[in-house]
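Going by Swiss-Prot, these are the annotated features:
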type     : residues : note
SIGNAL   : 1-32     : signal peptide
DISULFID : 41-255   : disulfide bond
DISULFID : 89-100   : disulfide bond
DISULFID : 105-112  : disulfide bond
DISULFID : 166-245  : disulfide bond
DISULFID : 171-228  : disulfide bond
DISULFID : 179-191  : disulfide bond
DISULFID : 195-204  : disulfide bond
DISULFID : 205-215  : disulfide bond
């Protein structure tokens, strides 16, 4: 009988400790965010990933993603960086070397190794909150940017979050079909920003135009904004283009308008 009672107490305490352990794991897991990349395009893309200075590694800086494919990453608390799609890539099966038609990062490899996208490219940008370590900075910030031009449609969706707008953002319109001739890249595989096309300070928000009061939307950025109202169309397009959420996970979808 004594043995039975002791065994019951041990079982009870084991259950309590197990509960506390898994609860602690849940709290640890809530730091950072899971970011999933989905390719709904009818063609293969090679996503590029650039972590900002001081941010941790999330496992890769570039990879191949076939139509219908997906891949997830755990971005740690306080991570910031960007994602984009490289298209028209050709990598040698023996050497691994090659280049991409749009979004190329100049590494000459599938991995971008700390290099960013060469414009034009549609960008998804994130700053993940610091979590419980710093409650003042717990919110995530995210956006889809056309400041460096456009190459593929993109959507960013937040799931499971709170304490913010947590809205879906992106550009589902095929801007390559609406691209002005003077902004067209190559045979029409991408659309340059006015800054990339002309290099003028008023388009690049640089020099005397490096402030929100001086740099205003141009006729070209308005074309982007009209087609994709929640995306950044020029450098100071913050008010309608940056979104926040807390404790969320995110899905980046390339070519989201195609059937699932």
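Note that Cβ sites are derived from N, Cα and C of the backbone, with glycine treated the same way.
Annotated features taken from Swiss-Prot, shown on the structure.
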residue : record         : DSSP class
41      : disulfide bond : coil
100     : disulfide bond : coil
112     : disulfide bond : coil
166     : disulfide bond : coil
191     : disulfide bond : strand
204     : disulfide bond : helix
215     : disulfide bond : coil
228     : disulfide bond : coil
255     : disulfide bond : coil
Rounded Cα separation (Å) that holds between residue 228 (disulfide bond) and residue 105 (disulfide bond): 25
Pairwise CA distance, residue 205 (disulfide bond) versus residue 179 (disulfide bond), rounded so that it is a whole Å: 21
105, 166, 204, 255 screened against residue 215 (disulfide bond), Cα within 10 Å - retained disulfide-bonded residues: 204
Inter-residue Cα distance where the pair is residue 171 (disulfide bond) and residue 255 (disulfide bond), in Å: 9
DSSP three-state assignment (helix, strand or coil) for residue 171 (disulfide bond): strand
Among 89, 191, 195, 204, 205, the most crowded of the disulfide-bonded residues [Cβ within 10 Å]: 191
Length of the line joining the Cα atoms of residue 105 (disulfide bond) and residue 245 (disulfide bond), in Å: 29
